Amino acid sequence: MATSCEGAAAADPSCHWGGDGRNVSRQRLICCTSTTGLTRISRVDQGFVCRFQALLKRSRLPGFALPPASIRPSFSYLPGQYMDRSSLFQLIQEQLDPENTGFIAVENFTSLVEHHELQLDPSKLDMLLAIVQNNEEGQVCYQELIELMSSKRSSSFRRAIANGRRTLQREILLDETGLGLYKRFVRYVAYEILPCETDRRWYFHQNRLCPPPVFIAIITIVQIIVFMCYGIMLNKWVLQTYQPDFMKSPLVYHPGHRAQVWRFFSYMFMHVGLEQLGFNALLQLMIGVPLEMVHGILRISLLYMAGVLAGSLTVSITDMRAPVVGGSGGVYALCSAHLANVVMNWAGMRCPYKLLRMILALVCMSSEVGRAVWLRFSPPLPSSGPQPSFMAHLSGAVVGISMGLLILRSYEESLQKQCSWWVIVFSFITFLLFAIFWNIFAYELLGVQIPPPP
């Protein structure tokens with residue numbers, strides 16, 4: 001391990017390793033540690049450093065006494081001030097780790113938590129205590145403390161919390177009283193989406209309204225506006241695909257226009273009729289908005305758009321003569337991911353009537369797929385060409401069960417550090433490249449008779 005530390009220091013000249021920690025560069029810093037007794041300083045939120053210094057300064061517990069004034073470093077605790085890494089290293093070494101081991105004794109840490117007010121929300125404080133009680137060697141690593149203060153949770157950090165979860169003493173979230181309307185809604189979302197009480201408390205206490213869950217809302221509003229425009233223009237609100245003017249829209253995916261790449265995405269704004277739009281919009285708002293509140297706009301928008309793209313590409317491969325309309329690919333990606341997550345964590349989910357709601361959701365989703373199959377192969381009205389395909393529903397469900405389930409199971413964990421995430425990304429990219437080559441060469445090689453584009 002010592003050689004790896006020396007190599008890291010050589011590779012990164014801005015980081016100093018060693019017992020003295022002499023470096024006067026001024027920037028926002030924290031202390032991360034290794035098990036060799038060598039300490040590395042790296043960047044983080046400066047607010048933690050100020051709170052940490054102030055906490056240590058006022059501490060008078062055994063093992064935390066301040067050094068004599070003659071040798072005490074002259075620190076300033078004004079908010080917003082930067083601290084050089086040499087002074088920070090000296091403070092931590094003298095107050096918490098005089099032997100430079102990289103760890104804090106559990107007894108000292110527990111006394112510090114019990115006798116001094118930490119500026120942490122209750123959920124984070126419970127998790128710190130869980131880590132302390134779960135540690136077999138009676139030590140608390142600086143890295144785990146820092147990750148928690150920075151709202152970062154590695155997989156090892158999460159396992160430590162899970163193993164110590166049974167020792168948490170705080171009341172469950174449902175017992176919280178005196179909550180406002182918004183906080184009650186946040187608690188409802190936590191119990192609808194998250195399977196672990198620790199995660200629910202974490203989300204409840206750290207939840208902020210900014211940024212708001214706007215992606216699903218914007219998609220739904222645009223879909224409604226587009227549908228109303230075409231409904232007024234065609235004077236038809238159901239089975240709009242039987243109108244030639246509807247299929248002439250630049251938003252519809254049609255195999256004759258597959259060179260227009262935007263159609264592989266824009267078809268999600270078009271719908272067969274009021275029944276399909278109502279079904280998709282209802283599911284998007286009921287499932288998509290809570291998912292976006294918990295997991296963030298980036299992850300949920302990625303999952304939704306991956307389902308939409310997979311839907312059109314799958315149709316171009318398996319149902320080569322059919323067009324596609326509707327946002328069912330993205331909707332089924334969200335729904336199947338959520339349902340799979342509920343099934344995988346059945347015992348931990350606390351949403352009311354979960355079995356009845358699961359059966360109802362599966363019946364509604366199956367009925368929508370059955371309706372799409374019926375319209376595809378047994379159109380009730382004469383049409384000038386094939387009706388929209390149903391394969392987008394199935395491909396969206398596959399994306400949800402694979403990519404979506406991993407996203408939902410990785411609440412506040414880094415996806416980039418998980419091997420299974422890169423396997424899924426590689427598989428999706430492989431499918432994407434295959435679909436591109438298929439759309440370029442397969443139609444001519446197979447001699448597919450594409451209906452003339454409208």
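Using N, Cα and C of the backbone, Cβ positions are placed for all residues, glycine too.
Listed in TrEMBL for this protein:
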TRANSMEM  214-233  transmembrane segment
DOMAIN    259-409  domain 'Peptidase S54 rhomboid'
TRANSMEM  264-285  transmembrane segment
TRANSMEM  297-317  transmembrane segment
TRANSMEM  329-347  transmembrane segment
TRANSMEM  359-377  transmembrane segment
TRANSMEM  389-408  transmembrane segment
TRANSMEM  420-441  transmembrane segment
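Stretch with the most C-beta contacts under 8 angstroms to the transmembrane segment (264-285), considering only 214-233, 297-317, 359-377: 214-233. Sequence-distant residue pairs (6 or more apart) of the transmembrane segment (329-347) and the transmembrane segment (420-441) include fewer than 3 whose Cβ atoms are under 8 Å, leaving the two stretches without contact. Mean model confidence of the domain 'Peptidase S54 rhomboid' (259-409) amounts to 92 (pLDDT, 0 to 100 scale). At the 8 Å Cβ cutoff, the transmembrane segment (359-377) and the transmembrane segment (297-317) share fewer than 3 close pairs (sequence separation 6 or more) and do not count as touching. Under 8 Å from some Cβ of the transmembrane segment (297-317) lie the Cβ atoms of residues 211, 213-216, 219, 253, 255, 258, 263-265, 267-268, 288, 291, 324, 327-334, 337, 389, 391-396, 398-400, 403-404, 407, 415, 428, 431-432, 435, 438-439, 442, all in the same chain and six or more residues away from its ends.
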